[in-house]
């Protein structure tokens, strides 16, 4: 950052001229008689070049008396590298003069120039340029110090060196005459520029002759000699616009107008200076210089220069600075063009981007402040700490045009206020303006400058002097396809800086982005109520679709996991081998599987549960042992578990005290199938065995008397690893490993930060991928260039768990991406692909709010085939009847006879269906559906009966058939009951009706259908039996019934008992009739009672 100049530097010079002061100083150098001039004396004295001690003391005393202030006036509080370099060259030239004495006039002239410049109020571009050219020429004279001087060489060099001395004298006279002019005269007199240009040509010619005479092969930078002399474009334009130099010289009003415009003070001497002849003034000054050289003592001048150089070094030694390039301390006096060694690029661990060597690859001056004149390694961390954090700069305008073919080639420019120098740092109290042009990276052309008020004012003055408003451009003038540029904007009336114009353009943009940023130079802020003005923008042109894009449905191949349980676990009753043990077992909590990942095993599934034993009796119960057996639903036989264990120090024998309950926590393991073991996978919080079939475990407890108590517990698989589609998902693609309960998902969803991104993609368990508008524009640009509108993206990959690809679908009419085609497989751990997902995800509408509407144009899609290997759909068995409770029916003995109830009928267990063979080629539009087997309670076959029984069964097929049978048998409607007793016996019609009703009831119970109709029928049967009983009581006198009627009533009773038995076996009381169960049981008991009477 440029430093503020010290107003004390360059005070007003004394009234007498600098040349007069030099002559006075030289006359005081020595009282010793001398020859006509120092050059003649030096040439006549061969080899004796020792200086008189008295002269040294006198000259040194004179210089020392000026003290530190003299050196400060030479150097100033801010560094002047050109003047410092001239002092160093003059010091070294004194040493050369010891061996080549005829160059003494050269350092006399240098002393005059140094005195002129140190007394100057401010630096001038033309003088600075001329001094740099002089330094370049004198630097080659120093070669004589190391050369072997001979008479022939001296003869050759004498002519060239005389021309050098003449050029130096003329340059000194030009600077002296030019400095005597006021600022207005310097700028408005066009002859000044011509005089400096002529002087530059002479120095260039002398330098060339000097290098040729000294046989110097110049390989360095010759730009100092080749460059043009600085011109004052503003002053030249003013003179040209107002009629030329003669008009300006004779018109004080025009001169005054220019002074006011440039904010310069107008004095009475200005017009006199405008009309004076600079050439005559230069001739007069040059004659004074010649006289000073003739009267001067080489010894005095040499000692004066030595004293100034020594004082300069001593003063600068106390001002040690730290170089930002090499991070070393340095003295300003010793700072030269090769003092600093640094790398042009950033590096780490002795590896640098700029070169392959660890030692510095660049050399230059030490620099106390960061700058962007040329690249150096330490600049990039410094700049990144300012440019990249979000809290360091308050951006007023930040333009960025990204190349759609190569993101690394984007163009950027920014203007803002510096808030702090690094993130989370202290706030900057002084207003500072940040201007960056180009991408600040190693290898790129860039500009980064931080201005304070004084530095911005200096930039404004420079623009007024040179007319050059450009701040920086990172590409040559002829490059118009890609560049970044910044320009100062000045008010044409006041010449005050009012803003900055930024321009950026990348190769793929049709037009550049141009923005004008207003700036108040007095406070370094944007003026109130003003905002950046965009003259043009290079945004990618996007159009709004006139209709909604229609996308096909997703094609899902292969098995898919269930979203819910097959069913809830069933509850079973305790079974006893004898009624002598009143212990009741209950399931206290639902079983869990493989609930500890640390001990999960690849070969077994582990289950954990809790049983509770209740002892309602008054006697203790002692349990001696327990065993556990298991089976999968669909298998008929139980098998021993592999291991059985207990928790919480549960040990056998186990005593359960009267009226107490005891919890028995247990765990057991079961071997997996060989196919599951071969996959070498571990199940956590689920069991591989139970994915498609519930598991039942039967625990049997044996008491001290050898009696057994058993209870069946059931584990039903709960879905694990299931990831459902979210409500906001734009695309959802998955493949399932059903046996291992895992799902791999590729999810498209809206972004969390809509300002930065358009869509977010989450593939599997990897990090989310965010697509910005630039990413989509880049795809569209490439599609327009190649014509391929189904563009494969580089986002897909294949790893252990997931293999996926994605294609962007481009609408060339609207210049946008409207969707994505996605193909998902399992990853490398699945060599055989048995599942796939192929579908589409919709892309949100993006772009500015004021988009033009266009008709849509779908992409030309290429066929993508999702193929998977043949697979057998899994067989799912939901339930079976093998653990249903079938209690022994109670016996109903008759008076005088012992009746044995018939044994409950049995049926063969249903076998699971055979798996269905899969086709050789699978091409399904939906997941492979599993074969679901739901085995109900065992059906009871109807025993063989007579033709009458078969007829009854046939009649009981439907309610309408039942009604028809009743009507045909009685000859009357159902509401008109026939007489129950004919000639003292039970009516046959009544018995037929009862038989039909019972047969219908059996059919209803067996089918578990139409519960309400069954209830109505039972209630109607109750009413009829009550009427029959009432009729039979009234006719008790003729109550002698036939043997056949009694036998039929006994058969009805047996059938009712058998029917009750069937109801128990089906558990119809609790599971089928729900709330009507108790009412149905009461009705059946009442029916049985009425029939028995």
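Numbering starts at 1 and runs along the chain as it is shown here.
Each residue, glycine too, has its Cβ placed from N, Cα and C.
Among the ranges 809-833, 834-858, 934-958, the stretch that TrEMBL annotates as region 'Disordered' is 934-958.
Looking at 716-766, 869-919, 971-1021, the stretch flagged in TrEMBL as region 'Disordered' turns out to be 869-919. From the options 1-35, 36-70, the stretch TrEMBL describes as region 'Disordered' is 1-35. Within the compositional bias 'Acidic residues' (877-886), the DSSP-based counts of helix, strand and coil residues read 0 helix, 3 strand, 7 coil.
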